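So the structure is just underneath, and the comments pick up after that.
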Amino acid sequence: MTISASDYRHPGNFLKRTTALLCVGTALTALAFNASAACTYTIDSEWSTGFTANITLKNDTGAAINNWNVNWQYSSNRMTSGWNANFSGTNPYNATNMSWNGSIAPGQSISFGLQGEKNGSTAERPTVTGAACNSATTSSVASSSSTPTTSSSSASSVASALLLQEAQAGFCRVDGTIDNNHTGFTGSGFANTNNAQGAAVVWAIDATSSGRRTLTIRYANGGTANRNGSLVINGGSNGNYTVSLPTTGAWTTWQTATIDVDLVQGNNIVQLSATTAEGLPNIDSLSVVGGTVRAGNCGSVSSSSSVQSSSSSSSSSAASAKKFIGNITTSGAVRSDFTRYWNQITPENESKWGSVEGTRNVYNWAPLDRIYAYARQNNIPVKAHTFVWGAQSPSWLNNLSGPEVAVEIEQWIRDYCARYPDTAMIDVVNEAVPGHQPAGYAQRAFGNNWIQRVFQLARQYCPNSILILNDYNNIRWQHNEFIALAKAQGNYIDAVGLQAHELKGMTAAQVKTAIDNIWNQVGKPIYISEYDIGDTNDQVQLQNFQAHFPVFYNHPHVHGITLWGYVVGRTWIEGSGLIQDNGTPRPAMTWLINNYLNQ
């Protein structure tokens, strides 16, 4: 039976599965290898009852490895879930490649991850065997649940394999359309560029360290001639490459092209442009192998590294060249005028745990399904709000023991990520500063390191999302307390969210000083996550927007701005609406439109 983290699926309003793995009856066929690899097993993280681990296959030969297959067995430990491979067996275990990581080029490696239970033992390091392995070795690297080093973004991240697909985090734009009229693609479709020289597909890759990475482009070229591409990293400042993309014989026949590139530490914009008038082939996906990488931030592109083509007519082009300016749903719905103003969406309440699973084991996905469908149709990113919070969580958690709550938290995160794997950003933990609304139930489940454990789970099940520690007005109140809390999480978190409610009366200099201090001490990308100014006096609201918004937008370490509502009478803070229900703007909205939203 085949097991894959991507196989968890839950239709709306039905009983969720309580098993950790979903098994589907897919026969495993014999696989042929034309080379072999060194196979290693590494413990990433270990806690009192469980662990996470990576298995890495490194091709040290001169020929490619195709369709790998490996096995391992524990004495006492047992696997409970895994990602980036297809799994079978109940000890011994078997793992085979997924559609996008089945070929390992000479000198390159792939990794997949797993989580398990120790069953009273320590975390074991079993021998990895199989037709793909020329030597079976185990890693002596062990770590505890303490903060990981900067070489790994989190203890349970899958460091060396990243898949970027259309309409998901890290996919920035296509100069053309997203289509699904030719079979054989993965994900929701493929990128079909315009038939023009220079037509491009653009991705964002975040690397925790500078170095060599292997990019693999999956494509179909049903034409009679090559449709080669020019691959540019960060506008050419970090490399220009030519990618050969010969005909595949049919638009339903998919092949891969692999190229080694140099990425810099931090955000990298990767642009593949057509070198002929026919445009590019259909592009299914981009996979990245090597080092620790995750989906990058399309909205953080500077003018020096922004993409050159402006032929895209989709709404995603605004987000790819500038930081996004987003907003939330209105009374549980998305207004028809949303994308007229905003290019990022956050569900105000619909993605909170208490809204989705008010009754234990019964999910209400319908409102979120509508929001994600709208976002995909308009090619704008979604930020989930929020996984774990001391408010608006299911009341039935109060009746459970700590271990039972731990199981429920993992199932909630797992099932959300399985249903919405293209979630760009997640407020993983909300308002955890003491005195705000920390999640006591999570501390009961995981102990004092509960924040790190929740982020570990989010990394495991949503490996391509940007994971955010979000909190209330940390610009004005409990500023130092938030900094201390964020610093303590180290590399478990990807970014911090500054809600920015209640800034009325603060000067531009005061706001900038606070943001600078958070960046200087925490060193993580910043998102302004819930900005509003509540005042029925139009001029007071306008003056505060004019003071604060330029600071947010021009700050080099603020990657995006989300406002918390925009329709008068239908916002959380009274007086914070920006347009009337009929669309008439207040002065602050007119100023936003003229200076930012229509730029």
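Glycine is no exception: its Cβ is also placed from the backbone N, Cα and C atoms.
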Per Swiss-Prot, the disulfide partner of C39, chosen from C23, C133: C133
Least Cβ-packed of the disulfide-bonded residues C39, C133 (other Cβ atoms within 10 Å) is C133
So what pLDDT does the domain 'CBM2' (38-136) average out to? 81
Listed in sequence order, residues with CB under 8 A of E530 (active site, nucleophile) and six or more positions away: G497, Q499, A500, H501, T562, L563, W564
For E530 (active site, nucleophile), what is the secondary structure by DSSP, using just helix, strand and coil? strand
Restricting to the same chain and to sequence separations of six or more, state which residues have a Cβ under 8 Å from that of E431 (active site, proton donor). W389, G390, A391, Q437, P438, N470, D471, Y472
